[in-house]
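Annotated features in TrEMBL:
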- 57-318: domain 'Peptidase S8/S53' (DOMAIN)
- ASP66: active site, charge relay system (ACT_SITE)
- HIS97: active site, charge relay system (ACT_SITE)
- SER293: active site, charge relay system (ACT_SITE)
Amino acid sequence: MNDVGSVATDPHVEAIAPIMPITLIRPMAVAESGGSNADDAAWGVTAVGADASSCSGKGVVVCILDTGIDKAHPAFDGVDLVEMDFSGFGNGDRQGHGSHCAGTIFGRNVDGLRIGVARGVEKALIGKVLRDDGSGESDMIFRGLQWALENGAQVVSMSLGFDFPGLVKQRIENGWPADLATSNALEAYRGNLRMFDAVMRMAAAMTAFRPGPVIVAAAGNESRTNENPEFKIAASLPAAAEGVVSVGALERRPDKKLSVAFFSNTFPQIAAPGVNILSVKAGGGLRKLNGTSMACPHVAGVAALWWESLRKSGAVNPSAQQVLAQMLASARTDCFASGVTIADRGAGLIASPP
């Protein structure tokens, strides 16, 4: 503790935080309908306007911090995949979550079906920050983010969250009284929030020397408005950190209007399709998943399109701030069912450049 105290008071140290468990934001169950036609399969791509955009994400470097990637999947043919393992379990994706997210961002067509928003992305940084069971520690994210910054990522996508209940359970199993375990976990959560804020300030400072990244994160799936309209949870870490674009999940109704998914955490900055999303199945083929984890990569893909669009428009050294400004200013609000509030959908549905 004395060592920690001395480090914390060092003026050269921006922030210090205890290591905290993290986990992938687990997808919700999908109610399978009898088959998928091309329109249903591509509904997320179409909803965000990627199918009508003149941009493809060409020349943009994307980073995904998740469970890794199945680089042998045909959806990733022709993409330069730079892998780095922070989990200790080795590269590759034996869980499948990261591959599904990657497919939504830049996956090529599979069996004639379009699944990817930014199919022109030619290079992707794949940071494996979660183990094969979907668990990890907060230091894995921080090391992954630093790696992404050092390697020129222009978009960073994170469909993961901090496991506060898991830390409380861990403390109790180690003999802590429940009240002290909860207080200690809350202290760790606050410390990691400060650490994330410090990392984001570092990322912003780097833009003086090179374009920094747009960093997007899933808001989380803890809300249960299907049980009670009051059962809403606000966006959690890392989506709640300073400078991170938090993403809520939308679903399409039979009348084609959009509503907020019952599980989607509130107060996102923006929203995207997150229900019945068809993308890569690790090991081969495709599968549908639900979750803010599926919404987040739609926003990451559109961010790549906006990077390219700004360059095409003649912007000199466009910045992440300019890209984010375009994303928020162009978000649609005319596509929602009645009753959807700004607290639930943020700026609105992410929209691609023309």
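Cβ atoms here come from the backbone N, Cα and C positions, even for glycine.
All TrEMBL annotations are machine predictions without curation.
Annotated features taken from TrEMBL, shown on the structure.
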{"residue": "ASP66", "record": "active site, charge relay system", "Cβ neighbours (10 Å)": "31"}
{"residue": "HIS97", "record": "active site, charge relay system", "Cβ neighbours (10 Å)": "24"}
{"residue": "SER293", "record": "active site, charge relay system", "Cβ neighbours (10 Å)": "33"}
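You'll find the Cα of HIS97 (active site, charge relay system) roughly 7 Å from the Cα of ASP66 (active site, charge relay system).
Taking CA atoms as the reference points, ASP66 (active site, charge relay system) and SER293 (active site, charge relay system) are 10 Å apart. Under DSSP, ASP66 (active site, charge relay system) is assigned to a strand (E or B) in the three-state scheme.
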